[in-house]
Amino acid sequence: MAASSSLSTLSHHQTLLSHPKTHLPTTPASSLLVPTTSSKVNGVLLKSTSSSRRLRVGSASAVVRAAAVEALESTDIDQLVEKSVNTIRFLAIDAVEKANSGHPGLPMGCAPMGHILYDEIMRYNPKNPYWFNRDRFVLSAGHGCMLQYALLHLAGYDSVLEEDLKTFRQWGSRIPGHPENFETPGVEVTTGPLGQGIANAVGLALAEKHLAARFNKPDAEIVDHYTYVILGDGCQMEGIAQEACSLAGHWGLGKLIAFYDDNHISIDGDTAIAFTESVDLRFEALGWHVIWVKNGNTGYDEIRAAIKEAKTVTDKPTLIKVTTTIGFGSPNKSNSYSVHGSALGSKEVEATRQNLGWPYEPFHVPEEVKKHWSRHTPEGASLEAEWNTKFAEYEKKYPEDATEFKSITTGEFPAGWEKALPTYTPETPGDATRNLSQQCLNALAKVIPGLLGGSADLASSNMTLLKMFGDFRRTHRKKETFRFGVREHGMGAICNGICLHSPGFVPYCATFFVFTDYMRGAMRISALSEAGVIYVMTHDSIGLGEDGPTHQPIEALSKFPAMPNILMLRPADGNETAGSYKVAVENRKTPSILALSRKKLPNLPGTSIEGVEKGGYTITDNSSGNKPDVILIGTGSELEIAAKAGDELRKEGKAVRVVSFVSWELFEKQSDEYKESVLPSDVTARVSIEAGSTFGWHKIVGSKGKAIGIDKFGASAPAGKIYQEYGITVEAVVEAAKSVC
């Protein structure tokens, strides 16, 4: 949080360091390199490193510049900064040591970056971690989370007190082994799986860019914040990072500033064993501005100058490559994989204390450091109060825009929004549920200000175009439709970031259902981080036909019920599609998957929005006393087959109940009484019909029932022929029903 320091003895130097908008004059940077032999820098013993790691990176067209810094004399503030940085290092060391588990290397190497961001640059209110216009910070290299916890503690967040630091990685702790937004206020997104964090950060920056273009006025700028990221070599290797960073450059997200912790160490050893590309040139090719900080260990002014330069580049994101030493200060383990993922050990901790001149007990914060950081609480409150005053004026001048803005920032949707959803009758012409989905999306876009999203280069197949809006582009940032390209994994993670930016955002993303395999990592993080992304997944079965088994998601319907906190919804017609959207929009802390058909389906008697909310419900029943002869259970496109089979069985005098099973998860949440009313336990004659794997269905049909499905890969042929050959037919259901009742 940028603000002036309370240290009255400091001169102009203090202002230069503490205020982000101060313009520092720049002079050519000196080459501050980690020595190539064992020596000391600023009194700290360092292990030898390979000088080739520190060479300038060049290309035919340009050389990636090092950050330009101003030569400043050492003052009291330098000593305070050094003590503050070492406080961060030792809080991390001590917490990992006490837990005997964790990753001390990154916090030790990245402490200077973290200090400058949280103490000098970022704007936030520690007592209100959810203040809208705060700067966002994402630790994409989530294993180094003690860096962020130490920073939150120093900054005055109530979520990380001293006693919390002592419970790191323990049962019931508020500071788990990787950052979790739902556990620790001040943590924006859940990170840990490498690459997810930088992709989430792209989503956060995209949300800021969209809101700024949509709501800022020439006389009223109410959206103005940055997204800062620290990512490591591992993140850089992940494909999801490439996907998301490609889009960030394409969209020109100028308020995204990423610090690349260039320490050249992976779990298996030096990154030279597997990672030798020029990250600098790759990011330049992606459309990023690139700066190199050659001394991330002690080059505080280099880091400050890099941030200052990054903020002058408004038309593209910035990557600041910061060359650091992992485990900086550890005389025997720094610059090695041994400091990455395990405690230093008592002897090395003591040696590090000696090496860095740290005489304090574990978890101690020196008084001068505590006093220095304490200013963030009143200054954060002041920043928020100033913004509130500005927004109050905005609300008077632009009441309609303010109402939409508040819906997005508070998560309070307009009253009666669900009434905008279309309704259908059996007389309504049938259609594919992907087409019905587009009708619902466009209806909701008119009443929910925060609804936005896009497709992975399949918008015309997924039917996800918002007809009343255009495409979000570098020059058209007000628009709500995003073109993600063929980047499924990045798309999902970007939508997580959008969702977690503000509670009223309702992001959706779309592709073929089979390609959830490409984005499952992001979908799992959606579920874990309570991000209510809507996944619009079309072409949900063999019903897509001729494209064949590579595109037919035989196993997809059965794999997601195993994932906690995610809703799978497979609607059968228009009313069920509308009901699925109602459920998905209402569940802002649970992601939803809508599995939608390519084939045209009729609007069936008995379906309803209210039924979908129960997960499973009866659509037709000619039995009495809750004692049908047989229960037919269908989902999606196979509910029509179940309904027709029920009609045939009734002609033969059978009492048949047909149940639509839209969502296992929603059905499981219902009362025992309700579940018994739909699937009475004494009726064991049950048949399920779904054009996918039968895995899991015996939990529903029981040992005496039958599950009709597909337990092998599909085939390339017209949809009707495949259904016939695989036995997903009315005749097969009738035969199965007769065999069990």
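Cβ coordinates come from backbone N, Cα and C, glycine included.
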Joining ASN263, ILE265 at the Mg(2+) site recorded in Swiss-Prot, out of ASP233, ASP301, is ASP233
Listed co-binder of thiamine diphosphate (same site as HIS143, GLY192, PRO193, LEU194, ASN263, HIS340, GLU488, PHE515, source Swiss-Prot) among GLY114, GLY234, GLY543: GLY234
Among 1-33, 34-66, 661-693, indicate the range for which Swiss-Prot gives the feature region 'Disordered'. 1-33
Please name which of the binding-site residues listed here, ASP233, ASN263, PHE515, is nearest in space to ARG434 (substrate binding site), Cα against Cα. PHE515
Which has the fewest other CB atoms in a 10 Å radius around its CB: ASP233, GLU488, ASP547, the listed recorded positions? ASP547
Tell me the Cβ contacts of HIS539 (substrate binding site) under 8 Å, same chain only and six or more apart in sequence, or just say none. ARG434, SER461, PHE512, PHE513, VAL514, ASP547, HIS551, PRO553, LEU596, SER597, ARG598
Within 8 Å of the Cβ centre of ASP233, ASN263, ILE265, which other residues of the chain have their Cβ, at the recorded Mg(2+) site? GLY232, ASP261, ASP262, HIS264, SER266, THR271, ILE326
Spatially, which candidate from the binding-site residues ASN263, ILE265, HIS340 is nearest to HIS143 (thiamine diphosphate binding site), comparing Cα atoms? HIS340
